[in-house]
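Participant: One structure follows; several queries about it will come next.
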Amino acid sequence: MERALLILKPDAVQRGLIGAIISRFEQRGLKFQGLKLMQVDEALARRHYAEHEGKSFFEGLVKYITSAPVVVAVVAGKPGTVELVRTMVGATNPAKAAPGTIRGDFGVDIGRNLIHASDSPESGERETAIFFQPHELIGDWNRTLDGWIYE
């Protein structure tokens, strides 16, 4: 199964949007393999966003993601899951995100864009390993409704 890491950022948690956002992924048929509320510390934030180090927005991003609790989740599905998740999340800038996407429906500002999602299957695996220990994940568990979602 292909996996993507999701981070419901501090603005999503503070605005009480956890349930509304999580339910979209469930309703789409994706399986949650891990889900937790946590406070990201500076070291973890820098590790996760290492590819952006040196960019003008990096320090602000670290400060923001560590400012309040976040919800971190791993969703899994058939090949193409990461692309599907990215489509559901919408454009980085909520002002340019299509209606029907998470950012298009709930977002207002690029600096408070609600959610992070892995941008490739490789990133999904790398990011999952940053936030979850293997024992915290439930692998390929069976749901009775899977036959109604996947051929």
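Note that Cβ sites are derived from N, Cα and C of the backbone, with glycine treated the same way.
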Participant: May I ask you to find which of THR66, THR92 Swiss-Prot records for the ATP site already listed with LYS9, PHE57, ARG86, ARG103, ASN113?
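Facilitator: ATP site check in Swiss-Prot: besides LYS9, PHE57, ARG86, ARG103, ASN113, the record includes THR92 out of THR66, THR92.
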Participant: LYS9 (ATP binding site) to HIS116 (active site, pros-phosphohistidine intermediate): how many Å between their Cα atoms?
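Facilitator: Cα-Cα, rounded: 7 Å.
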Participant: Provide, as an integer number of angstrom, the distance between the C-alpha atoms of HIS116 (active site, pros-phosphohistidine intermediate) and THR92 (ATP binding site).
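Facilitator: Pair distance, Cα basis, whole Å: 9 Å.
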Participant: For each of THR92, ASN113, count the other CB atoms within 10 A of its CB; which of these binding-site residues has the top count?
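Facilitator: When each Cβ's neighbours within 10 Å are tallied, ASN113 leads.
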